[in-house]
Structures are given as C-alpha cells and as structure tokens.
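According to TrEMBL, the protein carries these features:
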- C:20-240: domain 'Glutamine amidotransferase type-2' (DOMAIN)
- C:Cys20: active site, nucleophile (ACT_SITE)
- C:Cys256, C:Cys402, C:Cys458, C:Cys461: [4Fe-4S] cluster binding site (BINDING)
- C:Ser303, C:Asp365, C:Asp366: Mg(2+) binding site (BINDING)
There are 4 protein chains.
Amino acid sequence: MIITNPFDSDLNGDKLREECGIFGIWGAEGTAAAMVALGLHALQHRGQEAAGITSWDGTMFHTHRAMGHVAGNFDRDDVIRALPGDAACGHVRYSTTGETALRNVQPLFAELYSGGFAVSHNGNISNAAKLRNELVRRGSIFQSTSDTETIIHLVAMSSYRTLLDRFIDALKQLEGAYSLVCMTPEGMLICRDPLGIRPLVMGRLGESYIFASETVALDVCGAEFIRHIDPGELVIVSDKGLRSIRPFAEVPPRPCVFEHVYFSRPDSIVDGSSVYSVRKAIGAQLAIEDPVEADIVIPVPDSGVPAAIGYAQQSGIPFELGIIRSHYVGRTFIQPGDKVRHLGVKLKHNANRALIKGKRIILIDDSIVRGTTSVKIVQMMRDAGATEVHMRIASPPTRHSCYYGVDTPERAKLLAAQMTVQEMARHIDADSLAFVSVDGMYKALGESGRKESCPQYCDACFTGDYPTRLTDQEDVAPADQLSLLAERVPA
Amino acid sequence: MIITNPFDSDLNGDKLREECGIFGIWGAEGTAAAMVALGLHALQHRGQEAAGITSWDGTMFHTHRAMGHVAGNFDRDDVIRALPGDAACGHVRYSTTGETALRNVQPLFAELYSGGFAVSHNGNISNAAKLRNELVRRGSIFQSTSDTETIIHLVAMSSYRTLLDRFIDALKQLEGAYSLVCMTPEGMLICRDPLGIRPLVMGRLGESYIFASETVALDVCGAEFIRHIDPGELVIVSDKGLRSIRPFAEVPPRPCVFEHVYFSRPDSIVDGSSVYSVRKAIGAQLAIEDPVEADIVIPVPDSGVPAAIGYAQQSGIPFELGIIRSHYVGRTFIQPGDKVRHLGVKLKHNANRALIKGKRIILIDDSIVRGTTSVKIVQMMRDAGATEVHMRIASPPTRHSCYYGVDTPERAKLLAAQMTVQEMARHIDADSLAFVSVDGMYKALGESGRKESCPQYCDACFTGDYPTRLTDQEDVAPADQLSLLAERVPA
Amino acid sequence: MIITNPFDSDLNGDKLREECGIFGIWGAEGTAAAMVALGLHALQHRGQEAAGITSWDGTMFHTHRAMGHVAGNFDRDDVIRALPGDAACGHVRYSTTGETALRNVQPLFAELYSGGFAVSHNGNISNAAKLRNELVRRGSIFQSTSDTETIIHLVAMSSYRTLLDRFIDALKQLEGAYSLVCMTPEGMLICRDPLGIRPLVMGRLGESYIFASETVALDVCGAEFIRHIDPGELVIVSDKGLRSIRPFAEVPPRPCVFEHVYFSRPDSIVDGSSVYSVRKAIGAQLAIEDPVEADIVIPVPDSGVPAAIGYAQQSGIPFELGIIRSHYVGRTFIQPGDKVRHLGVKLKHNANRALIKGKRIILIDDSIVRGTTSVKIVQMMRDAGATEVHMRIASPPTRHSCYYGVDTPERAKLLAAQMTVQEMARHIDADSLAFVSVDGMYKALGESGRKESCPQYCDACFTGDYPTRLTDQEDVAPADQLSLLAERVPA
Amino acid sequence: MIITNPFDSDLNGDKLREECGIFGIWGAEGTAAAMVALGLHALQHRGQEAAGITSWDGTMFHTHRAMGHVAGNFDRDDVIRALPGDAACGHVRYSTTGETALRNVQPLFAELYSGGFAVSHNGNISNAAKLRNELVRRGSIFQSTSDTETIIHLVAMSSYRTLLDRFIDALKQLEGAYSLVCMTPEGMLICRDPLGIRPLVMGRLGESYIFASETVALDVCGAEFIRHIDPGELVIVSDKGLRSIRPFAEVPPRPCVFEHVYFSRPDSIVDGSSVYSVRKAIGAQLAIEDPVEADIVIPVPDSGVPAAIGYAQQSGIPFELGIIRSHYVGRTFIQPGDKVRHLGVKLKHNANRALIKGKRIILIDDSIVRGTTSVKIVQMMRDAGATEVHMRIASPPTRHSCYYGVDTPERAKLLAAQMTVQEMARHIDADSLAFVSVDGMYKALGESGRKESCPQYCDACFTGDYPTRLTDQEDVAPADQLSLLAERVPA
C-alpha cells in the first residue's frame, strides 16, 4: 500500500503537522455515523494517517477504524450501515505519541463498569508516560501506546462513585493539551483543556448537537455554528439536553497561534477570526515590514496563496501563478527506482516557465521548518529564468518543538534554531528573505502586539515560552519490575 | 472470503469440535516461530478458525495473528521473519467463548508491571464471567471477550509480590479446564489444571524444550517425546533450566475421554495409549458387542477408518472403501445459488456405486451428534444399491453438553438426548444401529470398566457426570452500574 | 474499491474529459519504465481511469496495466523492476470506446509476424466499427473492444512486405484523430494524424528521445523540449537515429482548441503558446467583451484561476479566493447513505463566507457543459451572502459532441444546445452570464479571428464544424453471420 | 498468495499430473454455471492451478477465470450470478503448454464472424507450434500461449462456409490428443480425437445434456450417466436436440491406460470399468506376481489404498493404516525459513509408530516417477521401527514422457529410465521392490494381455510406443520475420 501523505514530498514536505481532528454528534436520528464521516472528511487536513468512527445505537457501540483517508474508507455504504445509531464520534489522526498501528487509531473504546466509553482526543498529554507507569503498577493493562488511553484507565481506576466525578478526577491529573469528545450510553462529554490550546467548536443541525475541531466540519454538514467551547469548559449532552460546567480553576487562555498561520483551513473561523483574512493580513503586514521591488508575487501553493494575495494587494505588484500544482496531490507519487529518485524531479509542482522567465519575483510561503523545500523551490524559480528571487514568510522563524499535539522535528533540525535570517537566506540561495515579526503576527490577529507578561496565544514554537510543565521531557527513574524468578513467597 | 472449515458440511459436519491446540518452545536458537508454525500445522485439526504466534527475541515480543489456517498464514517467510527469537508460543482455535474476532485470537498478550506476558490456553474457564465482572468493577479494562483474558487480569491485579506467586494466585481462582503455555521475558510457565481435563505433552529437540497439546506436534518437528505434563503440574522453563512444582492439592485426574474417541489424531499417543490402537480396539469391541451378518465393512471417512479396520479384523468381513472422499476437503465448496443448494449434492464424498450395489453393508462412524449426516449417508448407501445398511458407532450415545473447551450443540439438539437407540435407528433409516457401551469403551482403553465411584476419565458428554462446579451456568445477579447522570459528588 | 475520479462530483463534475495521454521513450539506458511512469503521472489529468506501461529490454516485452491512478500503481519498485529495458511506452486513459476493462487498457500489445508490437493511442478512430467488422470477416480475432486494436489488426493483415509499409497501409485506412506511439523490437513509430487533432511533442534527455502528449511530461523528467510532431508526420526512432517521413497528402491542420481552453495543464506549451497566458488572455478578453461592476473576482477552482487573474488585472477588480477547495481532491468522497446523499453537501469546495458576505461577485469558470454544477455554485455564493452573482465563462457555449477522443455527453444534455444564453442565466440563477465569443477566443490565441473558410483549429464542440467524415455515426448494415446449423458442405 | 498444489510436496509430490478436466452443460434452465462449478469441483484432481467458466444466456457470453481452486472462486454467489444462462462450459487446468497466466486459463473465448465461440480442451495438440507459426504469418494475433488457441484461429481462418465445416476443417489439421467442449450461440460441439486418448462422457439431468471428463462429475450433479463419447465422435447439441457425426476415418482406439492406474478418481467408471475395482485387481495381481512374507500391508495414502486392499485380500496379510495423512492436505504448508526447510519434516504424513515398530511391512504405491518420495517414505518406515520394508508398485515402470496432456518430467529424470528394478530397490533402500507387469496390468483391465500388434491402450509412458506423430518434437526451421527497417516499398 502506498502511503498517501500529501505532506511528505515536494513543496509541502517541510511543514509542521497538526495531529488530530475530532468530531461528535448527538441526536442525529440514524445518520450519526454518516455525518461524522462528512465532518472528518472536512477535517482530513488535520490527520491523514488513519481515521475511526464509533457509534452508539441505544444498545450497542459499533466501531470501525482504518489506516488511510476518510474517503475510500468511510464513504462506503457497508461501513456506514455497520455504524448505526443517533450518536457517534470520530477522529482523524497523524500520530504524535504511539506507533502507527490500528490499535492506536481513535476513537479508543473501553467497557468500563459504567458501560461503554469512547474517546476522541486532539492534543497531547505531556505527563502521559508518568501516569501510565503508575497505572500499570496498579494492575492496568494497556491496549495501545497512545497517550489518550491513559485518560480511560484513570477513569476506570478512579475511586469516585459517579462516572462524571471519575472523569473530572481523571482530567485533573492531566497536563498538556486536550480537546475531547467522549461518548457513553447516557450522553457525550465534551471538554477543552484549561488553556484551550487546541480548538473545539459547537454547532447545531436540527435537533442534534455537533462538536468539531473546526467550523468547516459544520459547514460540510449544513450545520449552524453556535460558539466555541471555552478553555476549561466541560459540556454534557444527553437526551435531557445540554449543560456546561467549569471543573477547573480559571487561567488566562493560550490557544495555539499556528492554527491561524497554517493548520486550520482558510475557510474556518477560529476563535472569532476568519483564517483567510488573518493570512491576507499577515501578507499585507509582510509587505509593510519588508517591502522589495519586483515584477510579480508568486504564492507557494496552496498554503501561501492568501498571504500572497494580501502582499500583492498591499504592494500593488501583480499576483500570478508561477508554480503549477498537479491536480492529483492527494496521492503521493513515490519515485520508483534509485536512478530516478535522485534526479530531483518535481512531481507535484512545476514552474510556469513562460511566466517566470526574466522576471524579479517575490515568493510567499507560510513557514520554514527544515528549509529543505525552500532550497528546492528557489532553485526551481532560478532554473525557470527568474532574475531575482525574494522570499517572504508569513510567520516568525520556527525555533522550538511543540509538545501539545503538533508534529515538529527535534530542535536540531529546525533551520531557524541553527541560523540567523541572513544565514538562512544564503542557505536557500534567495536574494532576500524576511519573516513577519511576532508583533506583526499579533497585529494581523487584531491585537496591538504580544503581551509579554501574559501572551494571548501559545506561540512556544516561535518563542520557546511553554504554557505548561513538560513532565515527560524530564528524566524518569526506571521502575523496579516484578521478577518471575524472584524468591517465591509461599501461597 | 470463503470460510474453509472442513467440519461444516457433508459427512463431517455433525461432529463435536475440539476448540484449541497450543504449542510453546524455549531455547530454539532463532527458529522458535518456525517450529511453532510446524507444530500448529500438525495441530490444525484442533482449531481451524484462527491461529497466532508470539515470539520473544530477548528484547521485544512479536505477535502475528490471522483468521484461517496455519498454512497460508504462517508458512510465509515474511511472517516468520517478523517473529524473531529463541522462544515462542502459539495457538490454533475454534471459538468457545468470545466472538470470533482477531482480538480474541491467541496468544493473548499484555504488558504487565513484570514485563510482557503471552498466554496460549486450551480449555474453558467455567467461572470466567463471574471473575470478569468483579475485575471490571475494580478497574480492569478488557480487550477481548475471551475467557482467557480473565487469567491475565487476575495476574495483573494480584497483590502478591513475584510474578510466579501472582500467577499461582490467579490459577487458584479458576474453575474448569486449562492447559496453559505462558511466555515471559524470563521464561515459560506451563500448566495443566488439577483434573488434567485437556492434554499437554513435553518434548525435547536439541537444547530446546517443546510443549504441545499432542505428540504429533513433536513428530512434525522431529522432536523427542519426553512425557505428559501431569494434572495439576506447573513447569517453569528458563535459560537456567526446567523445574516443576505442584501448587494445587492433589485430586484424582479426569482426562477427557473424547480425545481418544475423536479429537486427537490417530498417530498421537495420548496418556500412554496409541489413539489408532484404541480406536481399532473400540471397533473390535463393537464387533463383539453388536455383531451382524453382512458382505462388507465400510468406514465413514476419515475418522471412522481405524474402528472399521478393527471391526473387519474381528468379524472377518472384508474392509472396503465404499465412500470416496474428494482430495480437496481442506476447502469447503459453498454450493452456489439457491437452486443448487437444495439438490442434496455430495461434494466431499461420493458412493463407490460399483462396489456397493447389491451388498449388505456395515457402516462404521465414530459418533452421532445431531444425526443430520447419518441420515444423509445411509440414504447415499441405499441410493447406490445397498440391500441392507447396519450402522455401528465407535462411542456411546452423546447425551450432554461439554463446558470444558469442546463445542457442543445445546442438549436439545443432541439426537441421543431426545431418542432411544431404536428411535435413532428409525430416524436415520438404518436396518440396525448400535453404539459401543460405556464399559466397552473403557475396556478398549485398557481398563476393566468404568469405576463408578471414581471414574478414570471425564465422560460427562456421555454420562452427565461433570467433574467440576459450573459457576457461569448458574444465575448471575446483574451488576449495579455507575451512572453518568447520577448526582455529582463535588470533587 | 472506491472510484477516485476527481471529475465526478462537485464543481469539477461538469466538464468535458480528455480521454488519453501517451508517452514513449527510446534509449533510456535502463530507466525507461521509470521515466514513463513520471511522464504519465504528469499527464494524469488526461485520463484517470487506468494506466499501462510496456517496456522492451532487447529480448522481451514486459507489460503492466492497472485500473486507477499512476501513483499507487506505477510508483512501486517491484512494478518498475518488472519493466526492464531502455525503451518503453505508456498510456493513461479515460475510456472513449470500449468498456472499461483491463484488456482495454493500453498499451495494447500483439505478437505480429514481425515480432512484438505495442501501441499507445490518443484520439478516436471514427470508422473503427466498420473496419473491425471487415477484419473479423477475414478471420481476425479481437482481444478488446477498443478502437485502437483495429490499427494492430490492419497491420497484421496488410499484404505489404515490410512492417513500415504495413503500418502506413493501416494508417491510410483510418479516419479520425490519432496521436500514436508504437514500439517494436527495432524502434519506435510515432505519428500524428493529418489534421493534428490531438497534440504530440518530442523532447530529448541525454541520449534518449521522448514523445508525449504535453510538455509538462518532459518537464517532470528534466527533459528538453525540442518541437511538436507535425500533423501528418511519422517519426521513426531506432538505435540508428531518428528520421521523419510524411506518408499523407498535406491538408491544413486543425488542432483541438479545447486543449488550450481546458484540457492541457496551464504550465504546458501547446502548439507554441503558453496555456496559462492564453487562459489569462481569454479572461482579459471577457473583461473587455462583457464588463460588469462588482466588488471581487472569484475563480471556480482550479481551472478558472488563470482566466480570473486575467479578468481581475484587466478590470482592476480585486482577485480573491471565495471558494476554498479541499486539499484532498484526488479522492472522491462518495456520500454514504441515502439520507445524507440528498443534503446537497459540499465536499470538495466550501464558500469563504467571511469574504463573500455582502459582496457583488464575478465568478469565472472555463466552460459550462450540463450546467449542473453552475447551478450549485451560484447557490453556494448566494447562501454565503453574495448580493450579486455575475458569471463569466472563458470559452464559447459548448453545443456539439466530440468524436475525436473527448468524452462529451450526448447533445441533448449540453445546456447550450438547449437554451439561449439568457435562458441559461435564469437556469443557473445568475444576475448575468456571458461567454467569450468564438472570435474572442481566437484573438486570445493570437489570431485576428476565426477564418471561416479554413478554420485554424478544430472547434467542432462550439461550432459543429467537424473536420472529418464520421463514418461510424452513419447507419451500418447488419453483417450476415455464419451459422453452425446451416447445411453442411461435405469436407 | 500461497500456491496450494497438493502435489508439490511430501508423498504425493512425485506423481504424473493430469492436466485438465472439462465440463459442459446445455439446457440447464438458469443453473448452468452452478452445475459447471459443481462438476469442476468433482474434477479438481485433474487440474488445481486454475479454473474457468463461460456461460451463454441467449444474448451474451459471460466468462470468469481464476487462478487457484474451484472452491473459493466458483462457489461464490456473486460469481455464479454473473454467469447467467442455460448453457455453460468450464475447465480446470494444470498447465501443459503455455505459461501459467490468466489469459491461458480456459475456456478460451473469441468473437468469430459466426458469433462467440468458447473452447474447453483436455489433451495436447502435438503439432500446435507448427500450426501457430503459419497462422501468425497469415495475420492471426494470438492472445495466449496455449496450444488450444490454435484451434480457434484455424476455425476463424478456415475458408469453408458454415461454422461446422470450419470446425471439422480445423480438427483435421490437428495431431495429438483432444477432448473438446465448444460452446456457440446455437449449440455445443463436443468431440474426442480419433484415438480417444483422453476420456469424455455424456450424462443427462432432466432436460439438459452434460459432458464431462469423468463420471464423478455427473454424480456430483445428480445426473444420469448415459455413455462415453466414442473416439473420433463429434456430437452437436442444440435446442433442436442432439446429433452425432463421425468426421474422421476410423482407427483402432488407444485410450490412456494411466487414467485407470492413477489419474481418474476411484469412484469413476472409465471406459466401462470401475477404477476402484481395476486398482484392487492390480493389487491382487501384484500379490500373485510378487509375493513376500510380511506382517502388515500399508498403503501410501491416498492413491495406494485400493491396490493395498486388493493385495491384502489376495495375500491374507492384514491391511493397516501405517501412514497417517493430515486432514488439511488441500493447503500446502510451505516450510518457512531456510533452517527449517532442510529438516526433512513430514508435514502431510506421519508414521503410525505404535503400529509399525518391529513389523515386516509391505508398502503399496501406485507409481514411481522420480523416486524422490519413495526414498523418503521407506526412510520414514525404518525410522518408525519397521524391520523389513517391501515395496510393491501398482503400475509398470514409467520410462517415457507423455506428449498428450500429462505433465511428465523429461526422460532423464524418470528413475525407471535410468535404473534397473534392482538398482531402484537399492536406491530407495527397500528390502525388495516389484512392479506389476505390463501384461498383469492389462489382465487387471479384463484383457488377456497386451496385443503387441495393436495395443488396446496408449501405454507410451511404460512402453515408448506413441500412437501419433510428434511434429513439434522435431526440429522447426526458424521463420523469416518482417523487418521494420527493411527498405520501404513506396505505398
């Protein structure tokens, strides 16, 4: 089977990757799984490696998980028919913790003493390893290597009496980022961590409630967007209706700024702002902060397009398609044969030579991670006859790893952690290179700038300012294990 | 996918089914998984639905499970290469408890606090449901619906300090039949329940120890047969050698008599007797107890052949192949199309018309369960021109269900539970019908007869005399479950 | 298996489809098949249903064909390794004539008396049925239902002596459109029909010659573009070099104009013009011919983008992304379940609501075929809050079917064949609708207008002016067939 | 995919292989394909590599072919439903000529000028290569490498007027062995070569006629056996009924004697004799010709069983199962891993040690080809403790290759072509070895002996007396081929 991750080659190969998208619906009158499938398809950009749906038909839970895309797996009538019921939750994933195996694909499900319990989780628990070690010592047997399973065992092992108390007991032991949709026979539990690091929205379609990572998942179902789930909020939906509680002490929220810069779809509304508008505004900000004389503005497709339009409108330099993207990007073409592999061929993108030849160009991209594709794309422009290549990046330099559910390379591989901007310009062979400033990015988000004392967003990947403790990054003492051959105590 | 169970149609469709075969090897110098594959192939008659192998390479455990036969799944180089190590255990199964899904296929594996723990189990725990309910209440999360998983959670939750004590603590809570091969990083734990209901033998090949359900699994590996594991014995094998302990109070053993009558292969030695010889002796006993004048003795292939040879030699009536079995019985041919399905066609067996026409025949079969195929086979003989059909059965009438790892229909479907022998003869349209007597069967096994006060075998399927309590057959009070919506106790 | 045709739903569902792309390479020193795979991947937009490659290793021909995309089938090392040799040809197809079965997938191959003969064909033979009928009467046995096979049998049955003469003899009997790459043990035969209806270009990479439908297939290999194959030209490439002959009487060429309007990739150079530039010029021409006052210009992605940029630059109205296309268009999501199927959900495209709300918009699309998606897209814009929707189409109204290798609906389903432009505007609920004029299209192509006496292009889909006879569209008298039961003539 | 040929390992690995079984039915009222599937399943022993069925529904032909067994491929409702109609023919094959590829799997089908034409062929055309060469020169394009396709092209290219005449014209050019079932829209053509080398029988089921290689295929359908098709007979079945013609000059028939000795199933009636009875008679003849003192008679399962029963009854020495065959022979277990592969393990058969130990045994097998398995089986008996091993073979020494549709090794690999019987005995390490005499074999068939002047059977594999010319074994001059680059003659 060919792995079809659109991110692992060509111009998009050098991006940070969001790791999960989640979706839940309650009260859908028989169409729950089909609606989840639609929603997950709209969230596919948040995780292309695997997907899963669990439904509840009033008597039984039904689960289907598959490696690969939602389309091709969850658009088959036989699959959807095997997921009956009015309630369902689902998940798309790119692995963070946990090897990529079917048993790690969410929703995770367990038969607890309270009945079935399904969990869809976006984020990353930064003390999961420590919690797991303690649970195994107490007799828990883990089915997966996913950090999410820790949450379920904490619920199962809690000494509280009601399920809701057990759930809150579990949440309070967690550290890190989590947006959760949990399904039980009696209702759904929807929750966002106290800092609100990962997004979560609520919508309504007829009598049913929908919860999803982004508003585009509501759009695809024809649902109405109601509001965001607040940081630290826990919503309980059942046939008796919806209620909201706040089990945590309140802290200033720190939602992830990279959702605006790259992860979320441009047609989503995240925390009240149009992603497309924010990206255009960052492009315009770049034109103000780092202007340059040139003939045409060219986006690196597709994620650089809104910022390029913003840059072109602000600067008055024409916007043109200088890089043509193949229609078939959903499928990665693995270059066959060693001889061919090293030709440096351009499979997904091709220079529009007739346009570029003899021109001074401004290239707009959203970020630089390892810098590998920036090198290739500048080269592609020069090969096509560009006389000057100026690169403008619609985010600040990415200098730190993320521990909250985003796949980042280790720090040593982040170009901006190793070089100054001038060194980077030389490295990628650009005539000039500029990043939007941190304050410029905050301005595009409608702020006057970053509040240093109490930043409005989690921007740790740019600043290194992590909003939580990172327990599992600290040293863990090895556990003393039981031995088979140790002296036997007579029974 | 076509299900290829050789037992579900034609003449073999009406048999009791053994549910599992197990195999383990320690010290095999890199060939462990390959040897397990060979051994499981030789035990294939004990379970055709699924198979699995877990290996231990000194650092990691590796598991592969598959629905279907050993051949076609575990004879592939890529599969065996992915199961490296000097130690491995395996399992073939026909489901007893637990729906047939891959997660129920053994060996079951868990990461305990003591490290990895793999289990292959033949038998059935007759109080598994009760134990499971209690474990879930305490916070255990089950991965399968198999009774075997209960054993692992009992070990994980035990409050003893060493793994060996935890294992014995778990065993002492079990009721029913179990032959077990468990693998840990430090060694193997091999054990047979106190009554020794299911078989288990030990062999040696070079430096390695082998444990298997039947001696044929030793033969196929070229291993030397050492001895049977005793009822109630627990063997521990590690790189330090082999030691044996007896953790249970001793009771008189009751091994399953049906292993001799039908389950085990004729070339196996079970509890010191050649299965082939015992079956011939039962056939000879039938000729003594229930003689009849006839022209030829015909076995119902293949399981009736040894008894038919015994009957023919004792009676002096010629042994002939009156029913020809297709060479391709490994694959069930599902009769396509409704019109064809009801023609009563004979796909696996065909009458040898030229031989049978005008003859008085004695048909020898090993057992009658529902009686459905006996009806067909007598009809097949009459259609081919037999003038008289006398049926002789090489076991007593099967009148009771088994709860120790054998798939029996509910009692109401056992022909002998509903009818007298004379009524059965009329039902299957035989000119005469006779079963070997219970004492005759014990005589063929070398006893002078059944000791009523303390029977030498478990013969509950013939006599209804069960050697253990049957807890899960008694009424279980419904558990009180936790509620999500119950009044919340403030945290 | 889910069919993954990006054209069969959403906004791209209502397009004409090019039916084939071809590629051949001679002299590639062991990398021939890998280069063909790359080339076909770049030509994937010309045929998504199936692909095939045939290679010649100096001794044997090797063929692999597969339903589905090039990626996922021809990027596997095992597949490419099984296609050794210095020469290879390939094909991507969307079926024209011939049911979609693997035996219809090209290259077609036959063992002729002269040795192996492989054919990749783009186009359609408009008298194939008549030729086939005659060949079968003479004893030919066809393997496929493809019109292309007719060419091979004509070669096999020809009474000329050399293969080249037989090939020319075959070509002269053909009517319609054909660009051909044929491979024999001694060399390649490359040919374009006298009118040059379908494109064909020649490139060079090191010592090897490459032939392909479009220049993008040369770009992806890093090959140099040399020139177009001329209409009516036959090129012979062998280890002795390249020679070109003109076996046909010369006629004025009529290349397909729709290659510029929609089929070819924007980064291709077709017949000397940049496709991107032509499309921008058509957009500018539309702004001149049919101006309208509005706030933003929005392309229907992706094919409408160049014309929209041209329109925006000419009119001074800002270009904006008002419709967001999912990243995952390569895989069609089949809407599961009847209930969901009729919701009118938008799976591949979503309105950028925050942008559109309250705006007067100009939508730019490349063509209208059935009009089904135009209805949906105008509705989508109105639902998102557009106050006026003006639609501008970058081609003239499509009023006639194509018989030269393009999949068109029957005439009755072409919207422009049934309605005036005003009726169409009402039908799709646009505030205004305009198409570029035929002469406007010719102007964008650098002409002063269409020469009515001798048109420069085949524009039959717009004008109904077909450049060849359409034999198979005329009535064919039923053949008299041989009968088995006819009176037998003594042998 | 694991190849599941039961003949390629263990005790059955060293046999001659019949290469085809054929089956046809006309007038089956909608169940034709299902009946063919049943019949092919009963003929599975005649070809395990591939199977195919073609049906005719009054309007269209439908074909399904598959590598592998009938069960698992042709017992699926979807497959049978896709083969509608009242008439169908089918084929199981083990390849003779023609690589093993799906396009070689029969029935072969062609659209001739007379309409569709499907062919199922058992046998081998011994001048096929010569005929093919000539046909290609005349313009025929072959789809397969099968000798059977030659027949179809001869029909297509024939200059006679009716299909029947064309068919007879084709047959008259053939040399070798052929039993044919051909299906056309108007009826079936069933034919056996003038010598009747391969078998063919006719049966009746209700209103339908059935034609098959063996009577067991009639039994499985519940059909009545009518008669054998005569050597040189051509039967035409249509809705108008059945007629028989004799297009060839009559010659004395020479049916294959090996059908009795090994190929046919014991429950078949071949040319008027019960195969089981003939094999028992050969066993008895062996006991008369080559008696020996011993304790038990043991068959090599399964094909040696009837002869062993005959030998035991004639000699009075008890018949016993000394070799136990696994129940799962339908699936070959490929021994995984090199280390294991060379252990000489016995996967399909195991010695019944408890029986054999200390005994003098007579082993009965049906034939010795290469002798490789005889070596293993004698060794297996000695390992199990046999004190003497006497081998008796129920056929004469196999000394010559077959060219009539049986897969034989080249002569140099036939043990009996290289050694005397005494040398063979030493080679396989038997205490004594004897084969039945040629005359003894003829006696068991009811003859007084072989008529040397005019033998009653084809026994070329024993005697080297081939009943036809062997054209393709003679030298064929290389054809002069057409060249592409030859000087071109102006068109």
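Counting begins at 1 with the first residue displayed.
Cβ atoms are placed via backbone N, Cα and C, with glycine included.
Where the annotation comes from TrEMBL, it is an automatic prediction and has not been curated.
Remember, predicted model here, so these are calculated numbers, not experimental data.
In this set, none of the binding-site residues among C:Ser303, C:Asp366, C:Cys402, C:Cys461 has a C-beta falling under 8 Å from a C-beta of chain B. Across the fold, the C-alpha of C:Cys461 ([4Fe-4S] cluster binding site) and the C-alpha of C:Cys20 (active site, nucleophile) stand 18 Å from each other. C:Cys461 ([4Fe-4S] cluster binding site) falls within a helical segment according to DSSP. Secondary structure from DSSP puts C:Cys402 ([4Fe-4S] cluster binding site) in coil. Neighbour counts of Cβ atoms within 10 Å were compared for the recorded positions C:Cys20, C:Cys256, C:Cys402, C:Cys458, and the top value is held by C:Cys256. For the recorded site, C:Ser303 (Mg(2+) binding site), the DSSP three-state label reads coil. In this structure, the CA atom of C:Cys402 ([4Fe-4S] cluster binding site) is 21 Å away from the CA atom of C:Asp365 (Mg(2+) binding site). Other than C:Cys256, C:Cys402, C:Cys458, C:Cys461, the residues of this chain whose Cβ falls within 8 Å of the Cβ centroid of the [4Fe-4S] cluster site are, in sequence order, C:Ile197, C:Val257, C:Phe258, C:Tyr404, C:Val406, C:Asp459, C:Ala460. Long-range Cβ proximity for C:Asp365 (Mg(2+) binding site), meaning a same-chain Cβ under 8 A and a gap of 6 or more residues, is found for C:Pro299, C:Val300, C:Ser303, C:Gly304, C:Ser374, C:Ile377, C:Met391, C:Arg392, C:Ile393, C:Ala394. Within 10 Å of the C-beta atom of C:Cys461 ([4Fe-4S] cluster binding site) sit 27 other C-beta atoms, taking all shown protein chains into account. Cα separation, C:Asp366 (Mg(2+) binding site) to the residue listed as 'active site, nucleophile', rounded: 20 Å. Per-residue confidence over the domain 'Glutamine amidotransferase type-2' (C:20-240) averages out at a pLDDT of 93. Between the C-alpha atoms of the residue listed as 'active site, nucleophile' and C:Cys458 ([4Fe-4S] cluster binding site), the distance comes to 18 Å. The Cβ centroid of C:Ser303, C:Asp365, C:Asp366 marks the Mg(2+) site; residues of that chain outside this set whose Cβ lies within 8 Å of it are C:Lys15, C:Tyr262, C:Pro299, C:Val300, C:Gly304, C:Ala307, C:Ile364, C:Ser367, C:Ile393, C:Ala394, given in sequence order. The Cβ neighbour count for C:Asp366 (Mg(2+) binding site), using a 10 Å radius and every protein chain shown, is 24. Around C:Ser303 (Mg(2+) binding site), a 10 Å sphere centred on its CB holds 23 further CB atoms from the protein chains shown.
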